[in-house]
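Remarks on the structure that follows.
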Amino acid sequence: MVATLERREEKRDWGTFATWITSTENRLYIGWFGCLMIPTLLTAASCYIIAFIAAPPVDIDGIREPVAGSLLYGNNIISGAVIPSSNAIGIHFYPIWEAASIEEWLYNGGPYQLIVFHFLIGVACWMGREWELSYRLGMRPWIFVAFSAPVAAASAVFLVYPIGQGSFSDGMPLGISGTFNFMIVFQAEHNILMRPFHMAGVAGVFGGSLFSAMHGSLVTSSLIRETSEVESVNYGYKFGQEEETYNIVAAHGYFGRLIFQYASFNNSRALHFFLAAWPVVGIWLTALGVSTMAFNLNGFNFNQSVVDSEGRVINTWADIINRADLGMEVMHERNAHNFPLDLASNEILPVAISAPSVVG
């Protein structure tokens with residue numbers, strides 16, 4: 001009898017907990033995905049703050065030349081970063097218990113893996129939490145779909161690319177200057193500027209910004225005035241009102257005359273779907289591009305592709321980019337190797353037409 005009562009009480013406690021977790025009446029919705037999201041994101045954020053401030057130098061190239069990234073080791077907000085795991089670790093999973101000591105774990109960049117893995121799990125759970133809340137409120141799942149774009153981009157940069165390159169030392173450092181360093185090295189090694197997927201991503205991000213600005217300015221310019229001239233037009237809107245707050249016919253007519261008729265949407269729902277889909281698809285394609293370049297399926301190579309009738313090379317913009325790539329490649333990991341392979345494989349160029357005569 002006692003055991004039966006205890007089981008009923010446990011079931012009642014679990015039911016109360018489940019109801020609270022999945023309740024849409026809470027100020028912040030938690031959900032089942034939130035049970036995993038909260039501890040992982042808190043862990044990632046805590047470790048990142050501590051590492052950014054006080055982490056010791058990391059032997060990123062695996063050649064016993066540590067690189068300092070924290071504030072206490074001479075960096076500032078711009079130059080500081082959490083340095084990726086050592087090249088000596090490669091793509092091995094490197095938790096604290098795999099190291100002989102905390103000092104060794106820090107020296108080999110263990111915090112980077114801890115932060116990245118917890119962060120990726122956390123943002124994936126955030127995405128799942130968006131779907132869960134939409135489902136419980138009876139909404140369509142497009143918020144979850146839209147957020148999948150930055151999740152895919154983060155996964156491509158922090159997980160897929162290091163795996164494809166064979167080492168987490170090739171991952172993006174967690175800092176401002178580290179991000180730019182990653183971009184420069186990525187261009188040098190993969191020629192991302194000549195990758196169609198990257199071009200689509202640029203069109204998605206900049207096009208999305210343009211369309212957002214156009215839509216916002218059109219709506220703001222065609223608001224239905226409900227206030228006097230001396231009051232802010234924003235006071236004419238009441239939260240939850242059923243009436244349109246702007247004149248879509250006027251906005252459609254203006255934009256149709258500004259460009260041409262069919263460039264303007266006459267359906268508000270189709271318009272907002274387009275505003276969401278354009279940048280999302282662009283970022284999806286960028287993530288796909290980074291994921292394929294992780295396995296060295298690089299951008300197009302048009303180097304020395306234009307020649308005259310006598311076979312002499314006519315340099316194009318592609319050759320200028322190639323020269324810049326070689327320069328960036330030489331500067332990258334300057335102590336890890338003396339001469340990059342892609343530089344050594346090029347045709348030998350003479351530095352002088354003839355040697356000067358030296359009179360003894």
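Yeah, the Cβs are placed from backbone N, Cα and C, and that goes for glycine too.
These come from Swiss-Prot:
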type: TRANSMEM; residues: 29-46; note: transmembrane segment
type: BINDING; residues: H118; note: chlorophyll a ChlzD1 binding site
type: TRANSMEM; residues: 118-133; note: transmembrane segment
type: BINDING; residues: W126; note: pheophytin a binding site
type: TRANSMEM; residues: 142-156; note: transmembrane segment
type: SITE; residues: Y161; note: site 'Tyrosine radical intermediate'
type: BINDING; residues: D170, E189, H332, E333, D342, A344; note: [CaMn4O5] cluster binding site
type: SITE; residues: H190; note: site 'Stabilizes free radical intermediate'
type: TRANSMEM; residues: 197-218; note: transmembrane segment
type: BINDING; residues: H198; note: chlorophyll a PD1 binding site
type: BINDING; residues: H215, S264, F265; note: quinone binding site
type: BINDING; residues: H215, H272; note: Fe cation binding site
type: TRANSMEM; residues: 274-288; note: transmembrane segment
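Features recorded in Swiss-Prot, as mapped to the structure shown.
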residue: H118; record: chlorophyll a ChlzD1 binding site; Cβ contacts under 8 Å, 6 or more apart: T40, L41, T43, A44, C47
residue: W126; record: pheophytin a binding site; Cβ contacts under 8 Å, 6 or more apart: F33, M37, L41, F147
residue: Y161; record: site 'Tyrosine radical intermediate'; Cβ contacts under 8 Å, 6 or more apart: D170, G171, M172, V290, S291, M293, A294
residue: E189; record: [CaMn4O5] cluster binding site; Cβ contacts under 8 Å, 6 or more apart: N298, D325, E329, H332
residue: H190; record: site 'Stabilizes free radical intermediate'; Cβ contacts under 8 Å, 6 or more apart: M293, N296, N298, G299
residue: H215; record: quinone binding site; Cβ contacts under 8 Å, 6 or more apart: L271, L275
residue: S264; record: quinone binding site; Cβ contacts under 8 Å, 6 or more apart: A251, H252, G253, F255, G256
residue: F265; record: quinone binding site; Cβ contacts under 8 Å, 6 or more apart: H252, L271, F274
residue: H272; record: Fe cation binding site; Cβ contacts under 8 Å, 6 or more apart: none
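Scored by C-beta pairs under 8 angstroms, the transmembrane segment (118-133) has its highest count with 29-46, from the stretches 29-46, 142-156, 197-218, 274-288. Contact counts against the transmembrane segment (142-156), taken as Cβ pairs under 8 Å, peak for 274-288 among the stretches 29-46, 197-218, 274-288. Each of the binding-site residues H198, H332 was scored by the number of other CB atoms within 10 Å of its CB, and the largest score is that of H198. Using a 10 Å radius centred on the Cβ of D170 ([CaMn4O5] cluster binding site) and all shown protein chains, the other Cβ atoms total 21. Apart from the site residues H215, S264, F265, the chain places the Cβ of M214, L218, A251, H252, F255, A263, L271 no farther than 8 Å from the centroid of the site's Cβ atoms, the recorded quinone location.
Between the two most distant C-alpha atoms of the annotated quinone binders (H215, S264, F265) there are 11 Å.
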